[in-house]
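Worksheet: one structure, shown below.
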Amino acid sequence: MWPRSHRHLCLAFLLVCVLSAISFLIHFHQDSIRHGLGLSVLCPDRRLVTPPVAIFCLPGTPMSPNTSSPCPQHPASLSGTWTIYPDGRFGNQMGQYATLLALAQLNGRRAFILPAMHAALAPVFRITLPVLAPEVDSRTPWQELRLHDWMSEEYADLGDPFLKLSGFPCSWTFFHHLREQIRSEFTLHDHLREEAQSVLRRLRLGRSGARPRTFVGVHVRRGDYLQVMPQRWKGVVANSAYLREAMDWFRARHEAPVFVVTSNGMEWCRENIDASKGDVMFAGDGQEASPWKDFALLAQCNHTIMTIGTFGFWAAYLAGGDTVYLANFTLPDSEFLKIFKPEAAFLPEWVGINADLSPLWPLAEP
């Protein structure tokens, strides 16, 4: 049994240790919040993390020998916390992701995505931006900025350290200088790429049975656009004449191409696209709730025919090669042209074919 004086000394020592530990944790937590970090998990082993969480690795954190990939780290020169509100469908959120990444880098800020965007994109792509935990999102003193769909000078000098972007940006003018990084972010998971390539390998040209030498992805946007374009935007969707002209453009320039058609209106495609030459394959499943299968097919092709919409844009951007797009698809007085600049939407080297606006002529009459 220790003397009473020794027991008092031990108790005092333990009390000092406990108070020191509590003080350290309080200051550590306050510092992390002050710098915009939601530290749900500290590495080393990222595989133990179940998204959505905000992950940030402290400098010099040792890595587990079994770690399959490094924890996402922001350069020390970056500060603040930026994110973007996930809105719209698959292609919209790809545009929001790419724009957030590019603008945050340009302004020296850390970029985080919200859980809904992670849920939409992570099952398809090897994206690397960390996810902001909901509790961090809710207590962050955000400034908000709605983006228009083209790069502007003011976007290169945004001073807010805690910024939540919104809107539907999908213009190459935001991120084309980072094209290889963007393409890397949107790398398909292996099983999706392999499944798409397996479908393409099985395709044969109808008349000869030969393997095609060139794959041209064709995305035909229909669905809600059939009403939205004429009724709201004084615009049209692609018709069969446009698709025929676009396919002929590729037939004149590439030997033995095969056209891999995907759409959210596959029945219309089968009824209106001429497949008599044996080089048109209706390969899409048209499931809007699970668009990644069609997207993977398009992204694995060599070239692209797109109609309208961000889904087709991203398929073309990732596929590379030649792209033909539907041009001038609204009347000149369309309100759509206030939020959409064709020169900022389509890469300069892409080839536009004018839409048939005759169905809209009654709308143009005084």
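Just so you know, glycine gets a Cβ as well, placed from its N, Cα and C.
If you look up Swiss-Prot, you'll see 1-8 marked as topological domain 'Cytoplasmic'. Per Swiss-Prot, the feature transmembrane segment maps to 9-25; the stated evidence is sequence analysis. Sequence annotations record features per position, and here Swiss-Prot assigns topological domain 'Lumenal' to 26-366 based on sequence analysis. Per Swiss-Prot, the feature N-linked glycosylation site maps to Asn66, Asn302, Asn328.
Summed and averaged per residue, pLDDT over the topological domain 'Cytoplasmic' (1-8) gives 52. Comparing Asn302 (N-linked glycosylation site) with Asn328 (N-linked glycosylation site), their Cα atoms are 25 Å apart once rounded.
Secondary structure from DSSP puts Asn328 (N-linked glycosylation site) in coil.
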